[in-house]
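Undergrad: Below are the features listed in Swiss-Prot for this protein:
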| type | residues | note |
| --- | --- | --- |
| BINDING | Ala140, Arg141, Thr142, Gly143, Gln144, Gly145, Lys146, Thr147 | ATP binding site |
| COMPBIAS | 26-41 | compositional bias 'Basic and acidic residues' |
| COMPBIAS | 50-60 | compositional bias 'Basic residues' |
| COMPBIAS | 636-671 | compositional bias 'Gly residues' |
| DOMAIN | 127-309 | domain 'Helicase ATP-binding' |
| DOMAIN | 339-479 | domain 'Helicase C-terminal' |
| REGION | 1-84 | region 'Disordered' |
| REGION | 627-671 | region 'Disordered' |
| MOTIF | 96-124 | motif 'Q motif' |
| MOTIF | 255-258 | motif 'DEAD box' |
Amino acid sequence: MPSLMLSDKKEEKKMKKKMALDTPELDSKKGKKEQKLKLSDSDEEESEKKKSKKKDKKRKASEEEDEVKSDSSSEKKKSSKKVKLGVEDVEVDNPNAVSKFRISAPLREKLKANGIEALFPIQASTFDMVLDGADLVGRARTGQGKTLAFVLPILESLVNGPAKSKRKMGYGRSPSVLVLLPTRELAKQVAADFDAYGGSLGLSSCCLYGGDSYPVQEGKLKRGVDIVVGTPGRIKDHIERQNLDFSYLQFRVLDEADEMLRMGFVEDVELILGKVEDSTKVQTLLFSATLPSWVKNISNRFLKRDQKTIDLVGNDKMKASNSVRHIAIPCNKAAMARLIPDIISCYSSGGQTIIFAETKVQVSELSGLLDGSRALHGEIPQSQREVTLAGFRNGKFATLVATNVAARGLDINDVQLIIQCEPPREVEAYIHRSGRTGRAGNTGVAVTLYDSRKSSVSRIEKEAGIKFEHLAAPQPDEIARSGGMEAAEKVKQVCDSVVPAFLEAAKELLETSGLSAEVLLAKALAKTAGFTEIKKRSLLTSMENYVTLHLEAGKPIYSPSFVYGLLRRVLPDDKVEMIEGLSLTADKTGAVFDVKQSDLDLFIAGAQKSAGSMSLEVVKVMPKLQEREPLPQKRFGGGGRGNRFGGGGGNRFGGGGGRGRGGSGGRGQRY
């Protein structure tokens, strides 16, 4: 009972409160009725009533407006939420998102840690096929992620897929995976990927390549590994030493197959692939940037008949990377050492640069002429090469000068610029060299220097499906302007505390020089930027203090000797002999050549004396020139008198007493 009484009292209190709240409304209604009666008796009260109504209308209108605003703002919030949800939906629906594939949690976490949230097209296109056990030929442009296209599905298959039950376990186990690559540098990088991703799944790998200790490699194989990555030569050696057993092999991969052909590994690769007794029990994957006939032959011989092919290049004429800007600049060998630093300044954008030269001698001499660069070629000891490559990857120096040995072994996202000292004779080599930049979604620049008289630039354009931008060498005055801007920024950064120490010298210079403050400051900036003079640079050969002239004879010109004959009629022989880079125009109506800046007036005056037999003018825009393919060179050679850099005490990049000639001396080397 007490509880009932208590609740009744509470209810009573609630009722009283409710009545108290309702009463003002009733009272106000009652008051309004009384007010109406009173207002009918008085005009004054009537006017008051009208005013009151107006106020009520304004108040109601204001309230309605607030409601509309409130509704519209809430609608905006709803719509903005819808927009955000829409964006999120788009991100989730990315068909190449890692979450869309059968990738286990440890691998997903590792990919996320490396900033990979979606697979590249070649990876996405091949993942399910490889994981489901199909033999595959994969083709994509250089730098498009072919390595992870086989690393990820192979690892998943070994741990969670079809290969798990067949994998041998324990000490001394035979490998389940064999990966062949053309260079030790590339082999080490692929092995590093298997270590990084496979390590998270408890799988072990080893890398076998020449130059590394046999006993160390043999020890790893004896203890047992799941994955073997290596170069054909060293893999073949271990097979002959009976260190490799392919009885439990489930995957064999040929990466950069086209490059193995180019580097002469055909017999080794075929021998290694033939060591698998029952190829029907092994899944074979072949990845390549191009598909020459040997690669197609290998796929027909060693892959199953129901093999799959994923070709992301197809009939597209563009075989080289489409994220790379391709530039061709005419250059005389003697101008190269001075030109290359300016090219780096113009096109590297603060990133790293790789310079490719054709021989070890070129690499050594050029790296010695470029500040802060390092050399990489086949005669450098392996241990030093590894230190050099590690330093380049870690950004300890910005410029690497290399032979083709490094072309396929570097996968560094920050390489912004590739410079090739001359067009390679093989188009595939150009594709792979230029592919060292513009990787992993980045953009890059590939500059090719060429001799305008003998060049394979047009052939590369045709076969690689690219279009070169034919540009003149960066002119020193352009470089100076850029350097002046950088110097000005450095001046602004000078701490105010050091200014008083230089004020006296500045005042004295201003008073005694007879120059304006503006001119003095410009000279100071020039000195800071490293310029004490600006030399003109030829459009034809890029040589400093030379100017390019265009000769026309009013009739077709079929040979350089005709041009020399015209010039000798009006000019001294010694001056004619000193012209550089004589080339005929593509339309056969003229020729271009370089003369020293100091001889320009002499040549122009000579043309005026020719009685109209020829005309000469300074070239502003280079006309299209006839090209001559360079003569084929033997793979081996060397020795002899002088060298290709200029012979006779000088070098190729800075002149010298005479032209070097290869002899019939010692045997050359591959790199």
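From the backbone N, Cα and C atoms, a Cβ is placed for every residue, glycine too.
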Undergrad: Around the ATP site recorded as Ala140, Arg141, Thr142, Gly143, Gln144, Gly145, Lys146, Thr147, what other same-chain residues have a C-beta within 8 angstroms of the site's C-beta center?
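TA: Apart from Ala140, Arg141, Thr142, Gly143, Gln144, Gly145, Lys146, Thr147, the close residues are Phe120, Ile122, Ala289, Gly435, Arg439.
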Undergrad: Secondary structure at Lys146 (ATP binding site) (DSSP, helix/strand/coil)?
TA: helix
Undergrad: Neighbour count, 10 Å Cβ-Cβ cut-off, for Thr142 (ATP binding site): what number do you get?
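TA: Other Cβ atoms found within 10 Å: 23.
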Undergrad: Measure the Cβ-based neighbour count of Thr147 (ATP binding site), defined as the other Cβ atoms within 10 Å of its Cβ.
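TA: Here the count is 22.
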Undergrad: Please report the number of other Cβ atoms within 10 Å of the Cβ of Arg141 (ATP binding site).
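TA: For Arg141 (ATP binding site), the 10 Å Cβ neighbour count is 22.
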Undergrad: Among all protein chains shown, how many Cβ atoms are found within 10 Å of the Cβ of Gly143 (ATP binding site), not counting that one?
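TA: 26, counting other Cβ atoms within 10 Å of Gly143 (ATP binding site).
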Undergrad: Within 10 Å of the Cβ of Gln144 (ATP binding site), how many other Cβ atoms can you find? Include all protein chains, please.
TA: 23
Undergrad: If you draw a 10 Å sphere around the Cβ of Lys146 (ATP binding site), how many other Cβ atoms fall inside it, taking every protein chain shown into account?
TA: 23
Undergrad: Using DSSP and collapsing to three states, where does Arg141 (ATP binding site) fall: helix, strand or coil?
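TA: Once the DSSP labels are grouped into three classes, Arg141 (ATP binding site) ends up as coil.
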